[in-house]
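S.K.: What follows is a structure written as structure tokens; I'll ask about it next.
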Amino acid sequence: MHPPTPSSGALRRLGTQRWTTAAKTSRQCAAIHMTTRATVPSTKQTLPSHAVRAAVAAPSSPTLPTVTQTAQRRTFHSTDHPPPPGPFGATESALLAAAYQHVPEHGFSSAALAFGARDAGFPDISTSVLPDGEFGLIRWHLELRKAELAGRAEEMFVGEGKGKEYKIPEKIEMLIWERLTGNKEVIGQWQQALAIMASPTNVPVSIKHLAELADEIVYLSGDKAVDPSWYSSRAGVSAIYASTELFMTSDKSEGFTDTRQFLRRRMEEARGVKGALGNVGQWVGFSAMGALNVARSWGVRV
Amino acid sequence: MKIPLRHSMMSRSSARLFRPARHICSSSGAKRALGTSIPKAATPATSPSPSPPTNPEGGEARPRRPLTKEEREFLSSALRVNQAGELAATLIYTAQTPLVTRSDPHLKPLMKHMYDQEVGHFDTFNSLIAKHRVRPTAMYPLWSVLSAGLGWGTAMMGREAAMACTEAVETEIGDHYNGQIRSLLEMADRMERGGGGMGPELKELVGTLRRIRDEELEHLDHAVEHDAKKAEPHWLLTGFIRLGCKGAIYASERV
């Protein structure tokens, strides 16, 4: 009934093979690229400097971070079955990982993709296999930074239980900040990326990513609530993250201290709102039960 | 007198509605038809152990495969709907208990026993939902209000109606858990055949579901023992509640 299962595992294995060959070819091709690199669509870089960089970057490409294996999905997370294959195929991963190295310079653009394709040893035209072009590169960034969070959370909260205690909101703030620092490298290009993410065809996927990120942050913070606050905490984290991220794109302060302050203020506000709502809810419930019990004490059969 | 009367009075459509109920609650042998050999007191931890040879813990077996998208979706919606169900059950008993125990103080231990078991089930599914990162149902507040209202309403109608409410709900829930256990066993079968087998946490889930199913059916027996069938009009009350349960299960599996 489920034939795709074994074959999907096989595909993944096949994919990693393809990935290593791609990496190998990229090393071999780096030299060729230096000579053949002529024009890259819609860019006017000085090619020599770039070609040198590509030649340097290519040998290190097998260690490029990949999200194929580590990506977590939101439905049923199993601890003793391996995670399902990630959102990117092996070829797609190789191409995007290589292209991502060019983002700080060329932005989330077709130019970065074209350079990445060359580095990974594919022909320039191969970027057309990506279903969503530059947006795929943005998705790569989002998945990569999200996948890194779990490891960073372990490092950050390592002192927990040994004298150091964090409250859940504190941990959420630390995690949001940690995720935002993942944007530092590409911060110059991030406004453009947000614009691409906000275009109508991309909005559903962008929102899904934001929701997944919020889920990851709340999960890593150790919040185990599974009542309606499951929704409110994730909505709150999404709102705070999105607004702080936008603020960060125009922050010129040293070490993004203004962004840090902005984040702290938003967290304070959220704490205030949550406290007020909780108090109102508690008061309503308490009054209702009180009224019912008074009625019962009068002998009313309710 | 009462039981034959109910059967003769049933309309064709309500007979259709009741068919699964009879196969569950008519005989206690048929009730456990889905092959739980675990005694009632067995803990879930002991139940998955009978199949160690196929368990790839030894290392020689093939590695477990990832869960497919369908399997993950099934498991998520199963845990989601179970949590919603147990939430509703605890609230029904919470709302019923003060009214029922005032008119019939001798039912106090029974109500407490059933309530405590439901709280245990609710805690089990809460921790499973948190562990497996499943989204709880968005209808949570609505179910809270409706189930508390149902419990209060039936208790206002008297002890018989309250017990009929338990009978209807637990019948539906027993069926529902049986369906889930069946799907999980099919899934385990597929995994064994495909090599790698099923992970211990899913095996434990089967055991947990069987234990909870048996406890729910025990509540059904208690309700029938305490005059659930004397509620007037029994067929309308149970039919209505079971229809509501079916609708709630359908909705909670999805949203």
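Numbering starts at 1 and runs along the chain as displayed.
Note that Cβ sites are derived from N, Cα and C of the backbone, with glycine treated the same way.
Pulled these features from TrEMBL for this protein:
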BINDING   B:Glu86, B:Glu118, B:His121, B:Glu216  Fe cation 1 binding site
BINDING   B:Glu118, B:Glu170, B:Glu216, B:His219  Fe cation 2 binding site
REGION    B:28-67  region 'Disordered'
S.K.: For the C-alpha pair, I'd like the distance in angstrom between B:Glu118 (Fe cation 1 binding site) and B:Glu170 (Fe cation 2 binding site), rounded off.
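M.R.: Computed Cα spacing between B:Glu118 (Fe cation 1 binding site) and B:Glu170 (Fe cation 2 binding site) is 11 Å.
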S.K.: To the nearest Å, how far is the Cα of B:His121 (Fe cation 1 binding site) from the Cα of B:Glu170 (Fe cation 2 binding site)?
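M.R.: That comes out at 13 Å between the alpha carbons.
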S.K.: Check the binding-site residues B:Glu86, B:Glu118, B:Glu170, B:Glu216 for other C-beta atoms within 10 angstroms of each C-beta and report the one with the most.
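M.R.: Selected residue: B:Glu170.
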S.K.: Among the binding-site residues B:Glu86, B:Glu118, B:His121, B:Glu170, B:Glu216, B:His219, which sit with their Cβ under 8 Å from a Cβ of chain A?
M.R.: none
S.K.: Return only the integer: C-alpha distance in Å from B:Glu86 (Fe cation 1 binding site) to B:Glu170 (Fe cation 2 binding site).
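M.R.: Here the two Cα atoms are 11 Å apart.
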S.K.: Would you count the other C-beta atoms found within 10 angstroms of the C-beta of B:His219 (Fe cation 2 binding site) for me?
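M.R.: That number is 23.
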S.K.: Beyond B:Glu86, B:Glu118, B:His121, B:Glu216, what residues of that chain have CB atoms within 8 A of the centre of the Fe cation 1 site's CB atoms?
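M.R.: Neighbours found: B:Gly85, B:Ala89, B:Thr90, B:Gln117, B:Gly120, B:Phe122, B:Ile173, B:Ile212, B:Glu215.
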S.K.: Other residues with Cβ within 8 Å of the Cβ centroid of B:Glu118, B:Glu170, B:Glu216, B:His219 at the Fe cation 2 site?
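M.R.: Once B:Glu118, B:Glu170, B:Glu216, B:His219 are set aside, the remaining close residues are B:Ala89, B:Met114, B:Gln117, B:Thr166, B:Val169, B:Ile173, B:Glu215, B:Leu217, B:Glu218, B:Leu220.
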S.K.: Tell me the Cβ neighbour count for B:His121 (Fe cation 1 binding site), meaning other Cβ atoms within 10 Å of its Cβ, over all protein chains shown.
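M.R.: Here the count is 23.
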S.K.: For B:Glu216 (Fe cation 1 binding site) and B:Glu170 (Fe cation 2 binding site), what Cα-Cα distance in Å is obtained after rounding to a whole number?
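M.R.: Given the Cα positions, B:Glu216 (Fe cation 1 binding site) is 6 Å from B:Glu170 (Fe cation 2 binding site).
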